Structures are given as structure tokens and as C-alpha cells.
């Protein structure tokens, strides 16, 4: 037993050394972990089990790092908002409090960058495990490098200086009290304003957190069924699931969050009545009493209008879905409509017979010409019930279109099952008939033998 363990350990160590030498001895490369000797079964089964375990741990680490990065991003944005609102009111520019808050913003940004790098490191390790590769440089494609660089640049944006005072503009709307103890330059103030607004680009981390913490991605049944149907579990799929399950709640949270964020950004750009302007722009009303003046405010209002149109389209889709009849309600509704139309056709036919009888009686009794014309007019009106026939035909065509593919598939499955059962019964009957024919043939042969023996015996006697 000990010799077997030593042999296995030597083989494992030899394989590991071979991998390192083939990769050039680079210590930064991720290699396949080697288990302890004597604690694994066959090589393939052990590798699969260890890969599944490592994959589970890496997914948990990715979720944890995503939550930490989102928390750091929101903390930086919150500190920036507090500093913007409190700087001119509670403390003067250039004080220790302003320096502490700016340092806290920079520190949170540094932590965010570290968490993002760690997240992508775990993602690369997960890619290596999924594709059973050894060299980590295989996963570093140009597209991945570009996305990581772009993400780091977007998250690194933050106000780097302290805030300074800016005077009023000529249009009676004033910029936020950005203040700096050393500079009084409008260009630098605009730069700090742009950096403050661009900090909201960090909110892209919300979709990653929603994707990694959703029940769709964590459920094994969802993943198994999705893999069978070739469905990629992206944020778009998770958003569709949320819109189908909780449409009103999802739209309400998104609209409120967008209104508050866009209003604060517009206030940061130029205006005091930003919430009213965002509301009328989002709803595409545009009274014209308030209008943005600066390029920053115009950009925010333009983006708000585009998002308002998109949210209006989603709201119309949700309301249409809520007001639409489901399958059972449609069947009941169309069945009752068919009954009403059939009843109307029967009533129209009865009216034709009645008017014909009244016209015939008027001819027999030789009534007045006015009464005769009135009965003729009523007969012509009673005959015109072709529109009911057309309505009934359209209704039946629409009902026939409602038959969906799963129902047709179920019908075909039932028909195929019935055909299989009938085919099996036919086979059993054919087999029983063959057995009976064999029995009859044997009985005929025995009868012929008996007859030949009897005839032979009679001939001998004669």
C-alpha cells in the first residue's frame, strides 16, 4: 500500500513539474491543483470533482466581490453628494473636513478598483476551470482586456480637488457651490462638475449584482433547462423575468431612482427647479416654463427624454399585458360571443319568416298599399343579416388561430400514442392468428394421418 501511494505521488509530482517546465516556469500562471496522494479515485473523476468544487468557490467569491465593489461605488457617490451639498453650508472650503471627505472619496475609489481587479481575476480563473486550460494568458483576449480597461477608467473617475465657490451666472440660475481654496477658475469648476456627474457611471455595477444574486442564476433547475434550450443567462434575461414577475414594482423603483438621480444632476449643473423639469421632460409634456441653459443641463434633459419614451413604452406593454385576457378567459369570451352571434342569426331567420307571413297575409286580405310597402320594407331589412355571418366567420377564424403549438403537440402525441397502441394490438392479434393457424395445420396433419391409417387398415381387411 505504501509503495502504491509513493508511486502515485511521484506520478503527480512528475506531471506537475512537466506542466511548469512546459509553461516556462512562470509562477504567475494558474496550474491545475494537485490533490493529496491516496485520496482520489480515478484521474478523470477526481479532476471533475475538484473542478466543480473550485468552480463553486469561485462563484461565491465573484458574488462577494461584486457586492463589495457595488458598496464601494455607492459609498463614493454618497460621499460626493454629501460633500457637494454640505461644503458651502456647514464648513468652509479648504478646511480639514473637506480634505477628509475628499480623501475618503479617493480611498473608496481605490478600494473599488482593487475589488474590480480581484473580480476579473476570479472570472479568469473560472474561465480556465470551465475550459480545462492551464495558461491564464489564453483567457486574456483583446476584447476582455479592452472591457477591463474601460471599466477601470470609468470607475476611476472622481473629483480630485476640493470644492470652490463659483459666482452666479447672468441668467439668475447658479452653479452648485463648488469651492477650492487655491483656485477660482470657471474651467476648473466645470471640470470638477463633469467629474462629479461622471461618477454615476459606476452604477453599471447594479446590473452585475442583480445578475449574480438573482434566483435565476442560482437555481439549478433554471440552469439545466436553460442549457437544454441554449439560453444565455444574461442581465437581459433576468430583467425580462423580473418584468414578468414584478412589473409594477420594477418600473416604480427604476422611475423613482432615475428621477432623483437626474434631478440632482440637473441641480448640480444649473437649476433649482430641476425636479419639475425632469418630471415634465420624462413625461414628454414640455410646458416651456423652465428650460435648461447650460450644455450639461441640456444633455441631462435629452437623456431624460429618451429614457422617458423607453419607460412609457415599457409601461404600455405592462398595462397591455395586465389588461389582456388569459387563455381560459379568451376561450370563455369567444364561446359566449359565438353563442350570441348564433342566437342573432336564428332571430334574424325567424324575423324573415314572420315578415314573409305578414306580407302573404297582407296580400290575401288585400290591405292598403302603405301596409303592403311597410311589410316589404321590413322583409328586406330582415333578410340583411349577412353581417352576422361574416362576424361569426371572423370569430371562428380568430379562435382557430388561438390554437397554439403546445396544444397541437399534445394532440399529435396523443394520436401517436393511440396509433402505437392500436399497432401493438394488431400485432398481438396477428400473432394469435398465426398461432391458431399453426394449430389448425397441425390438427389437419394429424387428421390426414389418422385417415390414411384407417384407409390402410380397411384395405388390408378387404
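Heads up, the Cβ atoms here are built off N, Cα and C, so glycines get one too.
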Segment assigned the feature transmembrane segment in TrEMBL (from 224-245, 246-267, 334-355, 356-377): 246-267
Per TrEMBL, the range holding transmembrane segment, considering 65-91, 389-415, 416-442: 65-91
For the transmembrane segment (65-91), distant same-chain residues with Cβ under 8 A (at least six beyond the ends): 97-98, 101-102, 104-105, 108-109, 111-112, 115-116, 118-119, 122, 155, 158-159, 163, 165, 176-179, 196, 199-200, 202-203, 205-206, 208-209, 212-213, 264, 268
Summary of DSSP states over the domain 'Calmodulin-binding' (338-411), given as helix, strand and coil counts: 66 helix, 0 strand, 8 coil
